[in-house]
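For reference, the structure discussed in these notes is given below.
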Amino acid sequence: MTAERPGAVPLGRPGRPPMLGLGEAYRAQVFASIFLLLLSPAGVGARAKNDFNLVHPLVTMEQLLWVSGKQIGSVDTFRIPLITTTPRGTLLAFAEARKMSASDKGAKFIALRRSMDQGSTWSPTAFIVDDGETPDGLNLGAVVSDTTTGVVFLFYSLCAHKAGCRVASTMLVWSKDDGISWSSPRNLSLDIGTEMFAPGPGSGIQKQWAPQKGRLIVCGHGTLERDGVFCLLSDDHGASWRYGSGISGIPYGQPKRENDFNPDECQPYELPDGSVVINARNQNNYHCRCRIVLRSYDACDTLRPRDVTFDPELVDPVVAAGAVATSSGIIFFSNPAHPEFRVNLTLRWSFSNGTSWRKETVQIWPGPSGYSSLATLEGSVGGEDQAPQLYVLYEKGRNRYTESISLAKVSVYGTL
C-alpha cells in the first residue's frame, strides 16, 4: 500500500466530479500557491537540491598534502588520512606522522593542515600531538564536530598493540577555534575503561534526526579483549562518553582464521529515517571479499546480528574505506576497488541509501592506494551559496601506497 504524502489532499471523491465548495476552493488556492512556489527561484533551488539528475561527479583539483620519506619534519611515513569540515566551513586534514618507520607501532605525531578557501590552499603542517618515544605510540583515529557548540573532537588510541606497554587508552583532544589551537589530551579510561578501542579511522557523526537527535557517535573496533565493532556515544556535546553495545567477531575472543566473521575498521553515516549505517572492513573475508554493513535503529545504543549484511557490489581488499551521506540523500563511498590488492582508488555513489550503487564510477587513482576518508562541503560558505563539493583524502603512491597522502576535490554536479 502506498502511503499518502504528508499534506496531500485528494481532489474530490471517487465516483463523483470534483466540486469547488468552500473546502475545495481553499484546496485549489493552496495548490496554486504551491505551483507558484515551485516556479520561484527558491522553489527551483529546493528541487535542485534533491535532483539526482544533476549528480555527475568530476575531479576538479588534486594536490599532495603530505609526502613520506623524511621530507617533512624528518617524518618517515605519513599514513591514516582523516578529513572533516567544521560547522564554520573550514577543512581539517589529519594524518599519523610516523617518526621512524612505516610500522603501525612506534612513536608518532598527529599532523594537521587547515584550509579556509574550500581546499584551494592549505596551512603548513602543524604537529598537534606528540607521543615522544613511545614504543607503541598513538594511532588515529576519528574526528567529529558538534554543530551546536562548534567544537571539533579528535580521538586516537595509545598502546593499541601492547608492544612495550600494558594498558591501552582512548585519548581525546578538541578545538574550539576550527583547529587553530587544541586542548591537552584527555584520557577517557575513567569513563570507558582500558579495553583497546581503535576509533575509525575516519569521521564520527552527529545525529541530525530522531532518535537521539544531536548525539555524537564515534565508531571503531577492538582486539581480542573486545573484538568486533562498537561505538562511543555522547549526549551532552562531548562532555562525557560511553559505549553502546557492539557486534563481536566469531569466534569471540579467539584468534581468527580466514573466512571467520571479524568486522574491523569502520565508518558510520546517518540515513534520513534516523538509522545509522556502519560500513566496515571485512577483516577475514567472511562470506565475500566485500564490505560488511551494519545498521542501528536506536542511534547505536545497540547493534543487532540480524541487521548485519554484506555488500557484494563494494569489492574490497581488506582496508579502511571512506563513506559519507550528503544532506540531499547521496551516499558516497571510496576504496581501492579490487578484491586482493590496494590499487584503483574509486569513488562510487548511491541514490538508494546504499542498497544499490550507480554503475558509473570515478577512478581517483589507478595505482597503489590505501586508506581513504571523505568529507562534504554543502550549502552556504562565507554567506554565499555554492554547489556541493566532496573531498577525498587518500593514501597514494606509484610503487607503494604509503608514499604520500593526496587530496582530490570533487564537484558533485560536475561544475567548475
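Using N, Cα and C of the backbone, Cβ positions are placed for all residues, glycine too.
Residues or ranges marked as substrate binding site by Swiss-Prot: Arg79, Arg98, Glu265, Arg281, Arg342. Reduced to three states, the DSSP call for Arg98 (substrate binding site) is strand. In the shown protein chains, 25 other C-beta atoms lie within 10 A of the C-beta of Arg98 (substrate binding site).
Residue counts for the repeat 'BNR 1' (113-124) under DSSP (helix as H, G, I; strand as E, B; rest coil) come to 0 helix, 3 strand, 9 coil. What Swiss-Prot lists as repeat 'BNR 1' is 113-124.
The repeat 'BNR 2' annotation in Swiss-Prot covers 173-184. The average pLDDT computed over the repeat 'BNR 2' (173-184) stands at 98.
Feature annotation from Swiss-Prot assigns N-linked glycosylation site to Asn187 (among others). Counting every protein chain shown, the number of other Cβ atoms lying within 10 Å of the Cβ of Asn187 (N-linked glycosylation site) is 12.
The N-linked glycosylation site feature in Swiss-Prot is assigned to Asn344 (among others); the stated evidence is sequence analysis. Counting every protein chain shown, the number of other Cβ atoms lying within 10 Å of the Cβ of Asn344 (N-linked glycosylation site) is 19. When secondary structure is read from DSSP and collapsed to three states, Asn344 (N-linked glycosylation site) falls in the strand class.
Annotated repeat 'BNR 4' per Swiss-Prot: 348-359, in sequence order.
The secondary structure of Asn353 (N-linked glycosylation site), as reduced to three states from DSSP, is coil rather than helix or strand. Taken from Swiss-Prot, the feature N-linked glycosylation site covers Asn353 (among others), and the record attributes it to sequence analysis.
Over all protein chains present, the Cβ of Tyr371 (active site, nucleophile) has 30 other Cβ atoms lying within 10 Å. The active site, nucleophile feature in Swiss-Prot is assigned to Tyr371; the stated evidence is similarity to another entry.
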Between Asn344 (N-linked glycosylation site) and Tyr371 (active site, nucleophile), the C-alpha gap once rounded to whole angstrom: 12
DSSP-derived class (H/G/I helix, E/B strand, else coil) of Asn187 (N-linked glycosylation site): strand
Closest of Asn187, Asn353, Tyr371 to Arg79 (substrate binding site), Cα positions, recorded positions only: Tyr371
Close approaches to the repeat 'BNR 2' (173-184) from elsewhere in its chain (Cβ under 8 angstroms; 6 or more beyond its ends): 86, 88, 90, 92, 112, 114, 128-129, 149-154, 238
